[in-house]
């Protein structure tokens, strides 16, 4: 059993980001990410600070817009419009979740697809489904980067994705399909989940339920990727996979923490660099 070390892979990606950011600056372009945070959600504030810190460390300028909880949808859309038109901004990220009075789909649709570094705009979703180049959500993209870094050939594998969210499950399935895996997506209504998982060469768990994937659901030699991040009552951070039970059966497995988590921000930085490079190419 080998550990898939997402922290190490993320550092490699971020070092590459820094090199390319320095190259862009030679052309007079400072790669810039605008981060929009609405409200006082503690987890969101933590994520935004982590994104700002990573940007500053690896050569990307971050511009934060912190808006109050009672910001109206129209006020938020007006800000996004300003950022869309600002040539110095290459990437726009609206931190989710948004307050309940704001329609997330309307807000995401307002972002210029060329600046949609989170990969949530319908144009980029459509490109992913069609196998075309576009921005891809950072977490599933990070999973693919880990698999690539460890030389795990996805083509021809039976892959099971547990979870069908727009942020992880669906894009993960499409990335694996585009890489020629045979993909099954499972969810809360799936029957015979245990049997389906037992046939999988590769399992990606992304449902947000601690210790959901047990050893009796995994065949010997499978690759298991744990996207879950769950905080237990005792303060421990654990994944969707019962690591101690499942790991001995795996050929490769990601830990939590230190697996997929660090890749999300690394791929966000990478997407921001791609947006800045595309801008130069266009000009």
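Cβ atoms are placed via backbone N, Cα and C, with glycine included.
Positions annotated as NADP(+) binding site by Swiss-Prot, on the basis of sequence analysis: 163, 164, 165, 188, 229. If you take the C-beta of residue 163 (NADP(+) binding site) and look for same-chain residues 6 or more apart in sequence within under 8 angstroms, you find 169, 186, 187, 204, 205, 206, 207, 208, 227.
Across the residues annotated as binding NADP(+) (163, 164, 165, 188, 229), the two Cα atoms farthest apart lie 18 Å from each other. Of the listed binding-site residues 188, 229, the Cβ environment within 10 Å is emptiest of other Cβ atoms at 188.
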